[in-house]
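A.B. asks: Sharing a structure, written as structure tokens. Questions coming.
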Amino acid sequence: MSWIERILNKSNITPTRRANIPEGVWTKCDSCGQVLYRAELERNLEVCPKCDHHMRMAARDRLHSLLDEGSLVELGSELEPKDVLKFRDSKKYKDRLATAQKETGEKDALVVMKGTLHGMPVVAAAFEFAFMGGSMGSVVGARFVRAVEQALEDNCPLICFSASGGARMQEALMSLMQMAKTSAALAKMQERGLPYISVLTDPTMGGVSASFAMLGDLNIAEPKALIGFAGPRVIEQTVREKLPAGFQRSEFLIEKGAIDMIVRRPELRLKLASILAKLMNLPAPSPDAPREAVVVPPVPDQDHEA
């Protein structure tokens with residue numbers, strides 16, 4: 001036994017015991033690093049109350065926060081992806097699907113629901129980015145078309161929240177075909193004169209941005225959302241030049257006229273309802289009642305990991 005081990009064995013120092021904090025009660029802001037109470041963050045729709053950073057939000061949480069309580073009906077839930085090409089990169093596609101389905105609880109990357117928004121019938125779709133980066137495959141395209149068909153049947157507006165890395169490479173040309181398929185479906189909305197509002201969230205890239213995500217009668221973005229086709233790193237490597245600060249972010253795009261407006265997530269529900277009421281010649285909606293306040297307990301030690 002070394003001299004230091006003998007000294008340590010004689011010491012009466014007892015290790016500090018961390019507080020017994022349940023898993024998931026606290027989290028950290030992706031931007032400012034502030035320790036946040038999970039319940040308060042959920043109440044604030046995954047927007048940091050300290051720096052206003054808009055974190056990524058699950059598809060079902062988006063739709064539940066948008067549509068009136070008790071009005072939601074899911075569409076296209078029976079559609080499931082198939083590994084038609086028997087595709088394999090470093091891992092089999094069917095195994096990637098199984099992992100994504102287990103981790104997210106979703107069958108694919110797009111969730112579609114119909115319901116009411118301040119009493120007005122609407123159809124809404126939202127991407128689940130945690131499902132293979134929100135990539136667009138055959139099921140995503142089919143569900144989006146189902147959303148359009150339902151909006152046409154109900155003679156109501158369509159809203160889509162995009163959060164995607166683009167077309168799903170594991171489905172090759174079948175995924176690229178969804179760009180044309182979804183765009184053609186939206187042409188029917190235009191013929192009928194029904195509003196389609198596209199909400200661009202972080203990130204909206206690739207084949208999704210090159211198709212239905214940018215085809216809204218109104219294209220609304222969340223603050224600081226990354227929106228484009230190729231990513232900034234790929235562009236820099238290609239052109240061999242440093243890109244401007246904030247390139248491809250929503251604030252940059254609105255300056256260039258590529259999008260129509262930027263709306264903070266907590267204000268989005270009322271903003272969408274107000275716009276659609278105007279477009280559908282309906283009475284203006286009243287503001288929602290304030291959400292019930294959350295009592296935030298003392299912040300734990302900074303070295304505690306949620």
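The backbone N, Cα and C atoms fix where each Cβ goes, glycine too.
Okay, these came from Swiss-Prot:
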- 25-294: domain 'CoA carboxyltransferase N-terminal' (DOMAIN)
- Cys29, Cys32, Cys48, Cys51: Zn(2+) binding site (BINDING)
- 29-51: zinc finger (ZN_FING)
- 286-306: region 'Disordered' (REGION)
A.B. asks: Name the secondary structure element type, per DSSP in three states, that contains Cys32 (Zn(2+) binding site).
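C.D. replies: Its secondary structure by DSSP: coil.
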A.B. asks: Cβ atoms within 10 Å, counted per site: which of Cys29, Cys32, Cys51 has the most, among these binding-site residues?
C.D. replies: Cys29
A.B. asks: Do any residues at least six apart in sequence from Cys48 (Zn(2+) binding site), in the same chain, have a Cβ closer than 8 Å to its Cβ, and if so which, in order?
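C.D. replies: Correct list: Cys29, Ser31, Cys32, Gln34, Leu36, Leu41, Met55.
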A.B. asks: Can you list the residues of the same chain, besides Cys29, Cys32, Cys48, Cys51, whose Cβ falls within 8 Å of the Zn(2+) site's Cβ centroid?
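C.D. replies: The surrounding set, listed in chain order, is Asp30, Ser31, Gly33, Gln34, Leu36, Pro49, Lys50, Asp52, His53.
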